[in-house]
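The Mg(2+) 1 binding site annotation in Swiss-Prot covers 34, 88, 160, 162. What Swiss-Prot lists as DNA binding site is 47, 72, 160, 231, 233, and the listing cites sequence analysis. The Mg(2+) 2 binding site annotation in Swiss-Prot covers 181, 183, 233, and the record cites sequence analysis as its basis. What Swiss-Prot lists as compositional bias 'Polar residues' is 338-347, 364-381. Annotation source Swiss-Prot lists compositional bias 'Basic and acidic residues' at 348-363. Sequence annotations record features per position, and here Swiss-Prot assigns region 'N-domain' to 1-106. Annotated region 'I-domain' per Swiss-Prot: 124-253, in sequence order. The region 'Disordered' annotation in Swiss-Prot covers 338-388.
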């Protein structure tokens, strides 16, 4: 469910915190995807058009989620997006009341759905079908099996997938959380992406936590209080309190305990919810856990064709596409570097910003059951032209305080001209990215001192990739529309070659 009414409230109160982007903009990113939310969407969207029933195999087992997973993963990989699917485990005890209410509503919806079908009321049946769906353990198991056969990372949450997704982002193992549940923000997920797994052609909605905090003038602790008061899965709501009232109360009292007691609620219950948001139970993972694995064509064929009655021709085409994606080489996408200035801690003061959670902030299980394996990635190219890139440079010696800004066209050091020449080769190549492959360009220059590059790309973002090892040398900042400074790798006092495989413009 997430936080009740949060998105409409933010759309009105802090519209700058919410933006739309296309799937292509996420090329090269790694997404921690809430698997249960994704499977739920697939199961609702892919149904028999006559009776709105889920697609099934010869054993009567649902396969709608498998169709959806295949199609969406294929699209994500096509754009060079690395999906990391995160699966729920046993929910916390705090959520039992919410789950009981959902179970009751689902049973009521099933009764109404059957009645609508028997009466031939397809319009009502279509509206009700989403409320009857439950993602089962068997569906989760079959989804995990498919993903592993595709070489896609599978992460097991200790409890809530949303908390585990936020953990992966705060540990910099993934760049964004993809979920429909807004409580990922309350768990500390830096960016929330919605509609990533939607089957419809919806624009992806990005919610920026830092902009939310800035716009509401909350520190992270106050934001958690506000969201709990709006309504969450872990405690009851206070009568007559929605987002607008919750906002006013937090502004006035700045204490969850004071607010709850003022409204006649049970503070112990609210405190438990807050403690869980601030210190959820998660499994600990490392970089190997989120690496892409190898594709198993034989295993996929057996699972999809023999076990689930998919068309052999369809499966062969699907595997062919996966292998094609694998043979392409990824250029590390940089939306995360361009847009994600990670905070350092959960703040008590507004100036400190929201939290980038460390391991200590979570109740961590250090022995999760699944780990990742080898990585493969795909190319992503932009067709925007590279004209107008301006380059300035600074030179530094080992004393970083001794920095000389090179501003003139001609200069005693000669550094400006050599670096400008390096980028000038790209200025007029407006069709550079229309071809699949191109020769990397390089410029040899004297490295008597260490160089730093600073690019001004105006309304565009740029990234430079080192030809030799695909190391990101520098990236632009999409908010300030300025590049961060990227240091040239070669050691000072040597002559070296600075190779670029690509300049990406976003």
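Cβ atoms here come from the backbone N, Cα and C positions, even for glycine.
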Original post:
Whole-number Å distance between the CA of residue 34 (Mg(2+) 1 binding site) and the CA of residue 181 (Mg(2+) 2 binding site)?
Top reply: 9
Subject >> Helix, strand and coil residues within the region 'N-domain' (1-106) as assigned by DSSP >> reply: 55 helix, 19 strand, 32 coil
Original post:
If you draw a 10 Å sphere on the Cβ of residue 72 (DNA binding site), how many other Cβ atoms land inside?
Top reply: 20
Original post:
If you count the C-beta atoms lying within 10 Å of each candidate's C-beta, which of the binding-site residues 88, 160 ends up with the smallest number?
Top reply: 88
**OP:** Using all protein chains shown, find which of the binding-site residues 34, 183, 233 scores highest when you count other CB atoms within 10 A of its CB.
**Re:** 34
Original post:
When you tally the Cβ atoms that lie within 10 Å of each candidate's Cβ, which of the binding-site residues (162, 181) has the highest tally?
Top reply: 162
**OP:** Compile a sequence-ordered list of residues in the same chain as residue 231 (DNA binding site), six or more apart from it, whose Cβ lies below 8 A from its Cβ; state 'none' when nothing qualifies.
**Re:** 3, 4, 5, 237, 242
**OP:** Take the C-alpha atoms of residue 181 (Mg(2+) 2 binding site) and residue 162 (Mg(2+) 1 binding site) and report the distance between them in angstrom, rounded.
**Re:** 8
**OP:** Could you name the residues, excluding 34, 88, 160, 162, of the same chain that surround the Mg(2+) 1 site, i.e. Cβ within 8 Å of the Cβ centre of those residues, in sequence order?
**Re:** 36, 37, 86, 157, 161, 163, 164, 165, 179, 181, 184
Original post:
Taking Cα-Cα distance, which of the binding-site residues 88, 160, 162, 183 are within 10 Å of residue 233 (DNA binding site)?
Top reply: 183
**OP:** Pop the Cα-Cα gap between residue 183 (Mg(2+) 2 binding site) and residue 88 (Mg(2+) 1 binding site) into the table, whole Å please.
**Re:** 14
